[in-house]
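**Q** So TrEMBL lists these for the protein:
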type: BINDING; residues: GLU33, ALA34; note: FAD binding site
type: BINDING; residues: PHE336; note: substrate binding site
type: DOMAIN; residues: 13-444; note: domain 'Amine oxidase'
Amino acid sequence: MEQFDTVVIGAGIAGLTAARILAGAGQRVVVIEARDRIGGRVVSERGDGVVTDRGASWIHGITDSAVHEIATAFGMPMREFTVGSFQAGGRPIAYYGPDGARLSDAEAESFIADVAACDQALPAAIEAVGPVASYADAVARALADLGWEAERAERVREYMQHRSEEQYGAWIGDLDSHGLDDDAVDGDEVVFPEGYDALASGLAAGLDVRLGREARTVRWAEDGVHVETVTAEGGRGRHREPKGAETLAAERVVVTVPIGVLRAGGIRFEPELPDEVSHAIAGLQMNAFEKVFLRFPERFWDAGVYAIRRQGAAGDWWHSWYDLTPLHDQPTLLTFAAGPAARETRDWSDERIIDSVMAGLRALYGAEIPDPIGHTITRWQDDAYSHGSYAYMTVGSRTEDHDLIATPIGGGRVHIAGEATWTEDPATVTAAVESGRRAAGRILGREVPVAEIIRAEETPPNPR
Ligand SMILES: Cc1cc2nc3c(=O)[nH]c(=O)nc-3n(C[C@H](O)[C@H](O)[C@H](O)COP(=O)(O)OP(=O)(O)OC[C@H]3O[C@@H](n4cnc5c(N)ncnc54)[C@H](O)[C@@H]3O)c2cc1C
């Protein structure tokens with residue numbers, strides 16, 4: 001049986017960050033990854049002169065961002081694109097009203113000011129609705145406090161509903177009132193025209209990563225851990241006799257699989273996880289959030305805007321389109337199926353989804369606009385190794401539940417890390433990096449500066 005200092009489960013950004021730090025500190029580290037690639041929910045597709053980030057696209061605020069620091073050190077080209085956090089304003093956005101007519105600048109500004117006023121009223125409203133309340137309850141309370149006439153309040157309520165869907169892939173009534181507490185963005189946002197996946201390959205350089213291996217059981221005791229793995233079959237082999245079983249022994253394990261995998265029992269822990277950790281995991285849920293990229297022969301939408309937004313019932317599902325044209329100089333719009341729209345369209349064909357999105361665009365730009373000449377539609381809800389895009393707080397969960405999941409178990413034999421375990425900025429690449437850095441720091445018994453992740457041009461090979 002192979003023996004390691006640390007086994008890391010998952011070659012996403014959290015796992016690779018932890019492994020890179022530990023290997024750099026001289027540990028014998030192995031990373032076990034079920035997929036046939038690294039990166040997890042950071043995955044870039046290349047073709048026809050464009051790079052499509054099917055998972056994460058944005059750094060949501062580059063000020064004091066470890067991800068920005070690492071991406072800069074890795075030489076990853078970036079482009080400013082500051083509407084990735086569903087901002088109402090701040091950058092040019094074309095707003096269309098419920099009647100399909102474009103809002104004047106004055107009308108748009110007044111709407112943006114209303115959203116800001118509601119945002120200001122929200123903290124007190126969240127406090128007032130108590131600990132077991134949804135974001136819908138908090139928004140309703142804030143709007144009641146503002147005392148606006150019905151139509152004005154409805155435009156902002158609708159915007160908040162779309163924010164819950166686009167930021168967390170959850171319907172506003174399913175998201176906890178605190179579910180968007182982390183929403184502040186520090187500084188500009190950026191995207192990666194040549195692909196976010198360079199972050200994963202940069203972190204993985206020199207590491208011992210075993211692809212196509214699925215961890216099934218983590219067994220820990222006072223004297224160490226055993227991680228049982230099998231040949232991965234895309235989740236399909238779960239009820240069959242496992243193939244290629246192999247057990248790895250280590251001093252400890254860092255588990256970075258998504259909450260969806262933990263909730264589905266994808267990894268058995270022996271002994272079971274402590275109650276407070278299981279309880280915290282149960283409060284989070286994987287969302288429904290899919291990207292729809294449409295590439296066109298020509299641009300027919302408003303020039304000089306970052307995004308187009310549609311208000312009213314006609315924009316219930318397809319309300320926001322982001323103009324990605326400047327990234328690769330090819331006319332491209334990105335929209336999202338998020339929350340109820342993603343659940344409803346989960347079994348739809350690509351063609352049916354495209355028709356539905358195009359109906360929304362034709363309502364604004366006319367029947368004669370061209371059909372797309374290319375598209376990419378993600379299917380994260382059907383992904384056996386994530387079960388959705390990222391985790392959201394269900395009603396009644398607490399923000400600190402994120403950090404609680406990462407409580408070291410068995411005197412530090414088992415560490416859980418990953419996007420959902422970072423209270424300050426969950427559901428992001430930042431959370432993945434920071435949670436991996438925290439797990440490695442706890443193992444090494446010291447703070448780990450970002451420079452230590454960037455450091456080595458080459459991570460030393462494992463001393464095996
Ligand atoms: C559509 C979409 C859009 C997003 N947009 C953004 C964005 O713009 N900005 C942003 O900051 N974040 C965004 N995110 C979130 C971001 O991608 C994630 O928070 C982050 O990548 C998660 O990293 P992780 O290491 O925690 O998890 P993962 O990347 O999921 O890594 C976990 C790894 O564990 C593997 N695994 C699962 N089960 C097993 C098993 N049993 N055995 C072995 N391996 C296993 C998985 O295959 C995966 O590689 C987006 C995500 C999606 C899906």
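Note: Cβ is positioned from N, Cα and C throughout, glycine not excepted.
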**Q** Per-residue pLDDT averaged over the domain 'Amine oxidase' (13-444) comes to what?
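**A** Averaging the confidence scores along the domain 'Amine oxidase' (13-444) gives 97.
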**Q** For a quick check of packing: other C-beta atoms within 10 Å of the C-beta of ALA34 (FAD binding site), how many?
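**A** A count of 27.
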**Q** State the three-class DSSP label for PHE336 (substrate binding site), counting H, G and I as helix, E and B as strand, and everything else as coil.
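**A** DSSP assigns PHE336 (substrate binding site) to strand.
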**Q** Within 10 angstroms of the C-beta of GLU33 (FAD binding site), what count of other C-beta atoms is obtained when all protein chains are considered?
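**A** Other Cβ atoms within 10 Å of GLU33 (FAD binding site): 28.
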**Q** Under 8 Å Cβ to Cβ from the residue listed as 'substrate binding site', same chain, six or more residues apart: give me those in sequence order, or none if nothing qualifies.
**A** GLU165, GLU166, PHE289, GLU290, LYS291, VAL292, SER320, ALA342
